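Single-structure report; data block below.
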Amino acid sequence: MASIPNLRTLRTGRRGHGLRGGRSSRGAPHRDDDGDVRSVEAGRDAIIQQTDHDASSTRMSTVSLGYLDDPFAKAFLAPGEQITKRYPIIHRGTYVRTEAIDKLVIRFLDTRPEQNKQIVSLGAGSDTRFFRLTSRKSGSPLSKVTYHELDFEANANQKRTILRQSTELSDCLKEAEQNGSTYHLHAIDLRDLTNKSPPIIPGLDPTLPTLLLSECCLCYLPPDAAASVLQYFTMNLPGSLAFILYEPIRPFDAFGKTMVTNLASRGIHLQTLKRYSSLQAQRQRLLLAGLSDGQGARDVYQLYGDEEWVSQSERERIDKLEWLDEVEEWKLLASHYCVAWGWRGEVFTEAWEGVQGSRTAGEDEDDPG
């Protein structure tokens with residue numbers, strides 16, 4: 001899952017914590033020679049893959065200070081690696097994004113818990129959501145879930161190694177499977193799903209209500225390719241289907257332009273950003289993809305200030321963890337990232353139609369975002 005970049009880095013142009021996105025994407029080549037094209041593409045892939053380590057380190061820093069409860073995050077630290085402390089605005093952004101997406105995911109899983117469900121995480125990297133969800137100790141009974149993670153072969157192989165080496169992760173996986181859930185880790189490049197004859201994802205069940213997750217993943221693809229990846233799932237999963245994404249927005253104001261320039265200096269190009277530049281554009285994107293029963297979108301700053309998403313008691317707890325004196329910087333940064341969601345199917349309508357920020361079919365558009 002992507003870590004939110006440091007505002008100081010964006011202002012000064014220094015290399016900072018970075019924005020980690022899906023490793024299953026790359027830009028179109030700009031060299032004519034085949035060898036040079038492959039070299040350029042491999043370099044871009046390597047940059048995107050490296051952002052997973054940035055995200056893992058940021059998450060561990062966030063967890064270590066008590067923002068999030070994630071006992072599995074430490075498994076992804078390299079042997080002997082020390083936790084690098086991030087800035088408070090980075091911790092807060094990571095917390096808000098994680099909590100918001102978790103709330104939507106849990107509402108889905110807790111709706112009709114007797115019904116088996118499916119989740120597909122695009123460019124999952126070192127994400128621990130499957131393990132955190134299936135080890136929940138509170139709340140209503142968790143649905144049996146078939147959980148798929150898709151990523152580059154190098155990232156998938158590294159995660160398999162960590163799963164084998166970590167007793168905590170291995171035990172959690174065994175317990176989840178004993179309780180009826182299944183976990184699949186696929187070495188699949190998302191770009192391959194846009195081919196005329198795309199690969200079949202082993203174990204993907206077209207009969208199950210399915211939730212797709214993309215945290216700064218599809219934004220690295222050209223817009224048409226990103227739409228084609230989503231179309232792969234809307235075509236092959238004809239039943240209840242939903243999509244949650246986390247992406248940057250608002251690239252045209254002063255802060256947005258600085259953000260784009262800074263990331264480009266590091267070789268990171270957000271190719272869908274200008275097309276889906278607002279909350280309204282993200283909702284329309286999901287509607288056009290066929291998720292026509294409802295759509296929703298909120299930027300991170302809105303999420304943090306909304307009682308439904310982050311309670312007053314939680315905000316008070318977060319405020320006590322560390323002093324945040326970058327209030328204006330936090331507002332700027334958090335307003336340039338969003339969580340958006342869209343769906344079709346009764347189970348998702350039941351789960352999400354009352355969520356603040358959701359609009360069901362036929363409701364008026366009143367927030368251009």
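Glycine is treated like the rest: Cβ placed from N, Cα and C.
Remember, it's a predicted structure, so these values are computed and weren't measured experimentally.
Features as listed in TrEMBL:
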| type | residues | note |
| --- | --- | --- |
| REGION | 1-37 | region 'Disordered' |
| COMPBIAS | 11-20 | compositional bias 'Basic residues' |
| BINDING | Arg97, Gly123, Asp189, Leu190, Glu215 | S-adenosyl-L-methionine binding site |
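Location within the structure of each feature annotated in TrEMBL.
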residue: Arg97; record: S-adenosyl-L-methionine binding site; CB count, 10 Å: 24
residue: Gly123; record: S-adenosyl-L-methionine binding site; CB count, 10 Å: 31
residue: Asp189; record: S-adenosyl-L-methionine binding site; CB count, 10 Å: 18
residue: Leu190; record: S-adenosyl-L-methionine binding site; CB count, 10 Å: 27
residue: Glu215; record: S-adenosyl-L-methionine binding site; CB count, 10 Å: 28
